[in-house]
Amino acid sequence: MPDAKGRRIALGCEGSANKLGIGIIAHDPITGEALVLSNVRDTFVSPPGTGFLPKDTARHHRAYFVRVAKKALALSGVSISEIDCICYTKGPGMGGPLTSVAVGARTLALLWGKELVGVNHCVGHIEMGRAITGASNPVVLYVSGGNTQVIAYAEQRYRIFGETLDIAVGNCLDRFARTLEISNDPAPGYNIEQLAKQGGRVLLDLPYAVKGMDCSFSGILGRADDLAAQMKAGEPGPDSKPFTPADLCFSLQETVFAMLVEITERAMAHVGSNQVLIVGGVGCNERLQEMMGAMAAERGGSVYATDERFCIDNGIMIAHAGLLAYETGFRTPLDESTCTQRFRTDEVFVKWRD
């Protein structure tokens with residue numbers, strides 16, 4: 001039921017990858033405005049040169065779930081009785097971490113007598129991005145460690161116009177960080193971005209793999225790995241010029257981001273939109289925002305993005321998208337509160353939009 005101010009309130013639990021996030025949000029009954037009450041996150045960080053394994057990440061989420069939930073509740077200033085529903089990430093994501101957080105969400109729902117709402121992770125990113133930036137009907141570029149999609153809304157679905165054919169762009173960057181044994185703290189992609197800012201003296205030739213509206217990143221990663229091996233062996237570059245890790249990071253970013261700009265512009269032309277919304281962890285990258293902004297400006301449009309509080313996986317986006325669905329009457333029965341590693345964006349019926 002609404003709180004004393006008439007607001008609907010939801011608690012959201014996210015844990016599809018290495019970020020465990022729990023957030024609490026309120027929706028104003030008159031304006032419909034979303035108010036972030038708390039947004040707490042704890043990240044599993046693996047050693048340099050390694051990735052995060054599902055079992056280790058799941059163990060982290062189980063170990064920290066209670067303390068993160070308590071902190072989110074304390075910071076929000078609301079009581080358990082004022083919370084209307086518990087929202088959790090149903091998918092897509094890594095099986096072990098998803099399951100750990102789904103069990104935590106079910107436990108809260110049973111302990112507190114609240115209803116559950118399963119949320120699509122990708123839709124959570126989109127709806128939070130729209131709420132924070134004010135973008136009305138943008139073409140969405142969703143870029144993260146597990147997903148790369150160009151999306152536009154039509155007829156109560158978020159339609160996928162283009163996507164990766166193999167690995168996600170964030171996975172490409174993260175895996176190259178492992179090749180260079182770059183730190184995973186605070187995130188490998190962030191550290192690639194900082195190193196790329198020191199490059200630019202040499203733009204190395206990497207495969208450019210755009211196929212219609214889709215992209216492929218595995219070949220680019222393979223070539224970048226080969227060049228890194230040459231560099232470590234003291235061999236010169238393709239034009240007999242020496243190059244550094246910073247040059248490699250710069251070249252990789254410039255190439256993959258140019259591909260993303262191309263397919264996003266094509267989607268904008270197709271649907272007649274002049275707005276671009278960048279969501280997902282890679283959306284924090286300032287160089288991607290700059291390149292996308294230049295393209296949008298040439299079309300007389302604008303680009304929208306959020307900072308790391310909302311770009312990187314978080315519980316508040318799950319709370320927001322879940323509460324939007326809850327307000328239309330959607331519920332997830334306890335015996336259906338499963339999770340899945342494969343849950344496409346366009347499978348969700350977006351009843352809360354016209």
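Just so you know, glycine gets a Cβ as well, placed from its N, Cα and C.
Taken verbatim from TrEMBL:
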{"type": "DOMAIN", "residues": "41-319", "note": "domain 'Gcp-like'"}
{"type": "BINDING", "residues": "HIS121, HIS125, TYR142, ASP313", "note": "divalent metal cation binding site"}
{"type": "BINDING", "residues": "TYR142, VAL143, SER144, GLY145, GLY146, ASP174, GLY189, GLU193, ASN285", "note": "substrate binding site"}
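TrEMBL feature annotations superimposed on the structure.
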residue: HIS121; record: divalent metal cation binding site; Cβ within 10 Å: 27
residue: HIS125; record: divalent metal cation binding site; Cβ within 10 Å: 32
residue: TYR142; record: divalent metal cation binding site; Cβ within 10 Å: 26
residue: SER144; record: substrate binding site; Cβ within 10 Å: 25
residue: GLY146; record: substrate binding site; Cβ within 10 Å: 20
residue: GLY189; record: substrate binding site; Cβ within 10 Å: 26
residue: ASN285; record: substrate binding site; Cβ within 10 Å: 25
residue: ASP313; record: divalent metal cation binding site; Cβ within 10 Å: 27
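Cα to Cα, HIS121 (divalent metal cation binding site) and SER144 (substrate binding site) are separated by 11 Å. The record gives HIS121, HIS125, TYR142, ASP313 for divalent metal cation. Within 8 Å of the mean position of their Cβ atoms, the other Cβ atoms in that chain belong to SER16, CYS122, GLY124, ILE126, SER144, ASN147, VAL279, GLY280, GLY281, MET317. The distance from the Cα of GLY189 (substrate binding site) to the Cα of ASP313 (divalent metal cation binding site) comes to 14 Å. Counting only the Cα atoms, the space from ASN285 (substrate binding site) to HIS125 (divalent metal cation binding site) is about 16 angstrom. Whole-number maximum of the Cα to Cα distances across the substrate-binding residues TYR142, VAL143, SER144, GLY145, GLY146, ASP174, GLY189, GLU193, ASN285: 18 angstrom. Separating the Cα atoms of HIS125 (divalent metal cation binding site) and SER144 (substrate binding site) is a whole-number distance of 10 Å.
Separating the Cα atoms of SER144 (substrate binding site) and ASP313 (divalent metal cation binding site) is a whole-number distance of 9 Å.
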